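Reading through the C-alpha cells given below for one structure.
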Number of protein chains: 6
Amino acid sequence: MFFHKKELQFHAKPEKSDPVFAKQLQEIIGGQFGEMSVAMQYLFQGFNTRGNEKYKDLIMDTGTEELGHVEMIATMVARLLDGAPINEQEKAAKDPVIGAIMGGMNPHHAIVSGLGATPENSAGVPWSAGYIIASGNLMADMRANLNAESQGRLQVARLYELTEDRGVKDMLSFLLARDTMHQNQWMAALQELEEKEGGKIAPTTVPDEWEAMDFSHKLYNFSEGEDSARGAWATGNAPDGHEFQYESSPVGYGGKPELKPAPPYVHSTPPLDK
Amino acid sequence: MFFHKKELQFHAKPEKSDPVFAKQLQEIIGGQFGEMSVAMQYLFQGFNTRGNEKYKDLIMDTGTEELGHVEMIATMVARLLDGAPINEQEKAAKDPVIGAIMGGMNPHHAIVSGLGATPENSAGVPWSAGYIIASGNLMADMRANLNAESQGRLQVARLYELTEDRGVKDMLSFLLARDTMHQNQWMAALQELEEKEGGKIAPTTVPDEWEAMDFSHKLYNFSEGEDSARGAWATGNAPDGHEFQYESSPVGYGGKPELKPAPPYVHSTPPLDK
Amino acid sequence: MFFHKKELQFHAKPEKSDPVFAKQLQEIIGGQFGEMSVAMQYLFQGFNTRGNEKYKDLIMDTGTEELGHVEMIATMVARLLDGAPINEQEKAAKDPVIGAIMGGMNPHHAIVSGLGATPENSAGVPWSAGYIIASGNLMADMRANLNAESQGRLQVARLYELTEDRGVKDMLSFLLARDTMHQNQWMAALQELEEKEGGKIAPTTVPDEWEAMDFSHKLYNFSEGEDSARGAWATGNAPDGHEFQYESSPVGYGGKPELKPAPPYVHSTPPLDK
Amino acid sequence: MFFHKKELQFHAKPEKSDPVFAKQLQEIIGGQFGEMSVAMQYLFQGFNTRGNEKYKDLIMDTGTEELGHVEMIATMVARLLDGAPINEQEKAAKDPVIGAIMGGMNPHHAIVSGLGATPENSAGVPWSAGYIIASGNLMADMRANLNAESQGRLQVARLYELTEDRGVKDMLSFLLARDTMHQNQWMAALQELEEKEGGKIAPTTVPDEWEAMDFSHKLYNFSEGEDSARGAWATGNAPDGHEFQYESSPVGYGGKPELKPAPPYVHSTPPLDK
Amino acid sequence: MFFHKKELQFHAKPEKSDPVFAKQLQEIIGGQFGEMSVAMQYLFQGFNTRGNEKYKDLIMDTGTEELGHVEMIATMVARLLDGAPINEQEKAAKDPVIGAIMGGMNPHHAIVSGLGATPENSAGVPWSAGYIIASGNLMADMRANLNAESQGRLQVARLYELTEDRGVKDMLSFLLARDTMHQNQWMAALQELEEKEGGKIAPTTVPDEWEAMDFSHKLYNFSEGEDSARGAWATGNAPDGHEFQYESSPVGYGGKPELKPAPPYVHSTPPLDK
Amino acid sequence: MFFHKKELQFHAKPEKSDPVFAKQLQEIIGGQFGEMSVAMQYLFQGFNTRGNEKYKDLIMDTGTEELGHVEMIATMVARLLDGAPINEQEKAAKDPVIGAIMGGMNPHHAIVSGLGATPENSAGVPWSAGYIIASGNLMADMRANLNAESQGRLQVARLYELTEDRGVKDMLSFLLARDTMHQNQWMAALQELEEKEGGKIAPTTVPDEWEAMDFSHKLYNFSEGEDSARGAWATGNAPDGHEFQYESSPVGYGGKPELKPAPPYVHSTPPLDK
C-alpha cells in the first residue's frame, strides 16, 4: 500500500522558461533509464521477491523513492513550460529564436498535455515496460539495478551540461547524489550476495554438469585484430577463479546446418535448387 | 565489415519435434535479453567507441559471436517445428495432446514464418531496439553487459529445466558456458576500468561541486519496517569509500509544489477551486 | 513523495495454483485498462494539475491507491504460480491437462520473472505509456477516468467468470467495489465541473466564432440504413441545449482534392497520367 | 462494405506552406486521440456489436465519417508541405529561419513520405491499435467515445492557437464542430443506456453478492491533506444513489504478504536472509 | 469521404465455434500483412498521391475494399467465439480438450473485447502503423503492395490448412481470389510504370553522376561458399541491362574507422588504452 | 557464424559537423527500411530457408553485407556529431543558428549515446522487428526484398538532396549503387523463381479448387470515378494469363451480418433495442 505526501523530496524551481530543455529533461522521466523505469523495475522486483525480506525492504525503499523523483522532475518540466511561446506565431515568423523554440519543443507539451510532463522520453516515445526487469534472481537484478543507476547518473550529468539554469542544476545535483547512493547500495548488496552464494556467475545454482565447461573461459577472436588479447579478460585469472584462454581463430563445432524441405502444407518454396 | 561462415558455432539438433518448446526458446532469440539484444547492444557499443581500441575490439569480438548465436538458436527452432501437427485438425479434435500443442505453439510459427524462427520473444512480441544501450561510457556499458549476460544465463538455465530433449540440452549447455565467459570478461573489464578511472561511481568525471554530497550516501526508509537497516548498505563503508547513513523517517526538502494556473491559450481547466 | 506500507490493501490468497489464470489476470496489471494504467494516468494528471487543489488531491488519493492495487494483484499472480508444473515434462507428455497448462501459461512467468508478475497484459505485451492521458483539462480527463474505471470493472467482472477459486473471487470482489467507488467519484467530479464551467462540451473555453456552428449538431448517415435516426441523438435536444439534426444523405463540402505534382527533389513519381 | 467518394467532407486548403505546423497537425491524424483512433475504435465497436442495431448504426455512421477526416487532414498536411525548403541547405546555413524549419519539421515528411502525411503522431511515433477499445459493453464504450471526442476537441483547440493560417483555421473550425456533435451524441446515447439498464455503474449486470459493498463508496485519503474531503465525491449522495464516505486514514486489510521461497527449478535466489 | 453499406462483401459464417482458430485468424486482421495493413497502406498512398489520378483511383478502389475485408473477418472471428467455454472451469478441470481451448485462445477475446475481434495479430500484439508505407513513389509502392498481397495470400493459404470448417474455408477461398487479383493488378501497374519511366531501378530519377556506378552490379560473396555464384544474379544481364559481376573475396574500401576521443562534456570514457 | 573485419566497406568521412543531418541519417540505420531492417530480414530469411541452398547463399551474402552498412552509417553519424554545440547554451541564447541545431538534433545523440549512433529512426523511434519478414516462401520474400531496396534507395536519394557535404554524398553514392545491385539481384531471383514454379501468383502451390476463381480477376470500383478503368489492370490480360474484368458497381455477396446477442457471462450490453 502506498501513501503520498505533498512535499517534493527536493525543490524543482527553474530560473526561467525553457521549452527545449523541458523536452530534453523528459529523458529522465520516461526514457529507458528514466525514473519511471527505476521505480517500476524496483517495485516489481520487490513485489516478486520470495523470502529474503532484508533485500525486499531495500528494494521497496528505493522503488518508492523513485516514484517521488518522477513527481519532482514532472514538476520541473511543467515549470520549464510556463510561458512557452506557443501562440506567438507572428513573433515566431520574424524572430528565429522563437521559431527555433517552437520547432525544437516536444509538440505533445503544447497539444497533448497542455504544458505538463508526459510519460515519454526526450524524443516523444512513450515509456514501455519492455525496459524493465524483475527476474526473481537478486544477483542478476542487482546488476540490472547497478546498470540502471549508472546509465541514469550519466544522463543526468549530460543534462547538467545542457543547461545554464541554476534552479535546474540544483535539482540535477540532488539527482546525481541519489544516483551515487543507489550505485553504492546496489554494489554493496551485490557483493554480499556473491559472498553468501559463494560465486559470481549468475545464477549460482547451475550444476557443473549442465555446463559445457570447455567453453566457459575462452575469448574467441571474432573481430580481426588482436587488440582484445591485451586485456585482463584474455589471460590470467577470471573473476570466477578459472583461467582465461584466448582463441585467435575460432572454429565452428556445429557443422553446416541444412534444414529439411518444408512440408507442402506450409506453402513455402518447394525444392528448386539442384 | 562482416563475413559469414556456414558452420554453426555449436550443433543445434533436437531429438524430436516440440512446437511448444520452440515458442519458449524464442525468448533467447528475440526477448529482452535474447541474442538479438546482446548482438545489437555490443555492436552499437563497438561502433560508437571513441578511442580505447582494446575495449572496442573485445566488444566487437563478442557482438560478432552473438550474431552466430542467433543463427544457432534459430536453426534449433526450425528443427523443433519439423513435424508440427498444424494441419491435423481431425486428430486434434480427438487427441487433447495435439490440441494442447496447437493451442500452445506460437501461431506465427505456423502462419507467418512457415516453420521458422521469428525475431520475437516467447510471447510473440517483436524485438525492440528499446531494449539495448550503447552510452559511450564504458563503465556504465560494462554493467549493462554484465547484467545482460546474467539475465541471459538465468533464462537459459530455466529453459534447461523446461525440456527433456538431450539435443536441446546440449546446445543450452554451450550457451550456459558462453554466458559464463561473457560474465567473466565483462567483470574483468569493469574492474580494470574502475581501477584506471580511479572510482566506481559512473561516470567518474563528475566534479564534486556538481553533486549535492549530503545526499550521496543516505538510505531513506521509504518503505515501512526497518529490515533494510540490517544490510551492508545502511552502515559502514560504501564501495566508494564514504560512510553509509540510514534515515528512518525521510522528510521532503522541496515543499509543496503549486503550479501556476494554465494560460488561457492551452484550454485547460480555469481556476475553479476557491 | 511516496511512502510504502507493507500491508496489502486487501488479501490476495488463492486457494490453489492456476498458471493459466495467472496469465489472464495479468490483464488488470499491465493491460490497457489495468492498474498500471490508472495509477500512472492519475499520477501524471495530479502532477500536471495547475491550481484547482481540491481536484488535484482527489486525483492523487486515487492514483496512490492504484499503486497498491498493482502490488495486490502482483502478489496474487505470484501465488497462482506457486507449484506451476514447469519442469514436469515427462508428466506433461502423458497428461494432457499438464500439457495444456504448460502451453497455456505465459512463458515469461517461467522464463523471465521466475514465477512472479510481469508488467504485461494477458497476451504478454508490455505495458505502454501510450495508453494513458493527462491533458491538463479536468473535464476531459474525468471522462478518461470514468472510461478507465468502466472498462476496468468490466474486465474484473469477466475475470470473475473465468475462475472458480474462492480466494481469487474475494480479491476481485474488492476490486469490483473500488471500481464502483471510482466510477461514482469521477461522475460526481465531472458533474461539478460541468456546472462550474457552465457547459458540457469540452473544452468549454472555445469561443463560438471559432466553431463552424452549422455542423455542430448534425448526425450524418454515413452508414446506410436509418436505424440511427431512431435515437435520442438524431432529434430533439442535445445535451448542450441545441437541437439535433439528421442528414440522411451527407454531401461533401470540400471538393475533390488534387495535390500539386511532387517537386523533383523528392524523387516521387513524375506526372505520367494524361 | 465501404465506398469512397472523391469529395472531401470539408475543404483543406492552407494559405501557405508550413512544415513545422504540418508536423504538429499529425497529432490529430495518428496520435492517441487522432482520427485514426476514433475511426478504428468506432469501426471495431460497430463490427462487434451484438444485437442493438440502433446503436450499431450510430457507431458505424460515425466511424465511417472519421475515415473521411483522416483523408481531409492528410490532404492538409500534404499541402502544408508544398514548398518545404528541404533542399536549400545553402540558404539554411545563412538563414536561421530556414534552419529552424528544417530542424523543426518531421524528418519523415522529407525522407519517408515524400511530402505526404504519415500514420504517426506529432512526435513521429507510429499509430498503435493499443490506443483503442471495443469492449462489447456499450455503456463503457460510450464513455470511451465521449472521452476520445473531448480529448480530440481539446487538441484541435490547441492547434487552432498554434497557427495564424486562415485556411487551416477553417478546417479546424469544422473539426471543432464535429467534435461538438460527437460529444453530444455519445452523451445522449450514454444517458439512454443508463436509463434503459437502470444504473450508472458499468457493467450493470454484476450481481450485488459479487461485490464487497463495504468498499464501494469510500474515498480513501491516500494523499496527505484533506482538500479532497471538500468535494461532492466525499459526502452526500453518489451518482448511484448510495452515500459517499470519507476515510481519512486508510488501513490495510490484506496483511503483509510473504511469498513462499522460490522452488529450485527457477534458479532464483535461495533463502539467504536470516 | 467514405460510405458504409451493411452487406458484407462475402459471407462469413463458420459451421461451429472454434476459439483457438479465432485467435489464429486475427493474423489477417491485425498482423503485419493483415487487412488493416493493406487498407491503411493503400489509403495513405492514395491520399498522398500527387497527380497521376489513374493510379490514385486504383489505389483508392483497393484500399476501400480492404476496409470491408476487415469487417468481414471481424465478423467471422465474433462468430467463431460464439459459445467459447470461458466460464466452464469445472468442466475444464476434468476435460483436457476444454482446458486446451481456454489456454489456447486469445485472453483478450474473453476479457477485453467480450467475444469480438481485436485490432491485433495472432499473438495478441496490437497493430502498428509502423508496418505500412506510402512513399509518394509509385514504383516503390507498387512493390510494397505486391509484397503485401503475396505475404497475405500465403498466410491465407496457411490458415486454410489449419481448419476443417467448411464455412471458414469458403471465406478464405474468397480472400485467396482477391489476393490473386490484387497481385495481378499491382504487377500490371508496376510493369506500366517501369515502361513509362524507362527503367526498373527505383527511383528512376537519380542522375548517373550521383551513383558510384562501379558498385552497382557486383555480387559480393560475404557468406562463404560459392553457391550464390551459380545464380542468374551473378553473371549475365541484370534486369537494368548492365552486366552482373561476382566478387569472391570482397575487400573494404573505407579503411579502419577511428573515432575522435569523446569531448569531456559528454562524460564518456576518457582515453585509457595506450 | 560471423566474423568481423575492421575495415569499413566504404569510407564514411563528412567534411564537417552536422547534428541535424545526423538525426536525419538515422532513418537509414534504424528506420522501417534502414540497414538494420534489411540485415535482419535477410539473415532471418537465410536462417529459415529449407533446402534451396543457392538462394540461401545469396540471401546470406546480402544480409551479411548489410550488417557492414549499419557499421558504415553509424560511423558517419558519430562523425557528424563531432563538435555538436550541446554545451554552448550561452551562445545558443544569442545565436539562433546554434539554437536551431540544439532544438533540431536528436536529443538521444546528446543524452543517451554520447555522440554516437542509436538504433532508431530519424524521429527517434527505436527499431522494431515488426518491420521485417521471413516467410519461408522465396517468391513472396523476394518481393519483400525488392520493395525494401526500392524504398531504401528512394530514401538515400532524398537524403542526398538534404545535404551539401561532399563526404556524406560520397557515402550515399555508394549506397545508391548497392541498392541498385540489390534491386537487380532480387528481380533476377524473382524472375527465376516465377519461371521454375510456373506462375506469378504467390504462393504457387494453392490448388485451383481452393480459390473462388470468379473473384480472382475483377477490379471493383469502390472509389467513385472511373479513372482506374483506364488502366492495364482493368481490361486485357492479367500477368497470370487470365482476363481482367472491371465491375463498376460492386455488390455485396455476404448479406447484412447480425451477431447473436452476447451471453450473460461476458457482461456486454443486453439486448435493449426493440
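Glycine too: its Cβ is placed from the backbone N, Cα and C atoms.
Computed from a predicted structure; not experimentally measured.
Annotation source TrEMBL lists Mn(2+) 1 binding site at B:Glu35, B:His69, B:Glu149, B:His182. According to DSSP, B:His69 (Mn(2+) 1 binding site) is assigned to a helical segment. Neighbours of B:His69 (Mn(2+) 1 binding site), defined as other CB atoms within 10 A of its CB across all chains, total 27.
DSSP classifies B:Asp57 (Ca(2+) binding site) as helix under the three-state reduction. Among the features that TrEMBL reports, Ca(2+) binding site is placed at B:Asp57, B:Asp61, B:Asn221, B:Ser223, B:Gly225.
Applying an 8 A CB threshold to same-chain residues 6+ apart, the list for B:Glu66 (Mn(2+) 2 binding site) reads B:Glu35, B:Val38, B:Ala39, B:Tyr42. The Mn(2+) 2 binding site feature in TrEMBL is assigned to B:Glu66.
Look at TrEMBL and you will find B:229-274 tagged as region 'Disordered'. Secondary structure of the region 'Disordered' (B:229-274) per DSSP (helix as H, G, I; strand as E, B; remaining residues coil): 5 helix, 5 strand, 36 coil.
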### Task
Filter the binding-site residues B:Glu35, B:Asp61, B:Glu66 down to the ones with a Cβ under 8 Å from chain A's Cβ atoms, keeping sequence order.
B:Asp61
### Query
Counting across all protein chains shown, how many other Cβ atoms sit within 10 Å of the Cβ of B:Glu149 (Mn(2+) 1 binding site)?
27
#### Entry: Residue among binding-site residues B:Asp57, B:Asp61, B:Asn221, B:Gly225 with Cα closest to the Cα of B:Glu149 (Mn(2+) 1 binding site)
B:Asp61
#### Entry: Local backbone state of B:Glu149 (Mn(2+) 1 binding site), from DSSP in three classes
helix
### Task
Out of B:Asp57, B:Asp61, B:His182, B:Ser223, give me whichever of these binding-site residues has the highest number of other Cβ atoms within 10 Å.
B:Asp61
### Number of other Cβ atoms within 10 Å of the Cβ of B:Gly225 (Ca(2+) binding site) across all protein chains
16
### Summary
For B:Asn221 (Ca(2+) binding site), the same-chain residues 6+ apart in sequence with C-beta under 8 angstroms from its C-beta are B:Ser228, B:Ala229, B:Tyr246, B:Glu247, B:Ser248, B:Ser249, B:Pro250
### Query
Other residues with Cβ within 8 Å of the Cβ centroid of B:Glu35, B:His69, B:Glu149, B:His182 at the Mn(2+) 1 site?
B:Val38, B:Ala39, B:Thr62, B:Glu65, B:Glu66, B:Ala148, B:Gly152, B:Leu175, B:Arg178, B:Asp179
## Note on the structure
For B:Glu35 (Mn(2+) 1 binding site), the number of neighbouring Cβ atoms whose distance to its own Cβ is within 10 Å equals 24
### Query
Taking Cβ atoms only, which of the binding-site residues B:Asp57, B:Asn221, B:Ser223, B:Gly225 fall under 8 Å from chain C?
B:Ser223, B:Gly225
#### Entry: Integer Cα-Cα distance in angstrom, B:His182 (Mn(2+) 1 binding site) to B:Gly225 (Ca(2+) binding site)
38
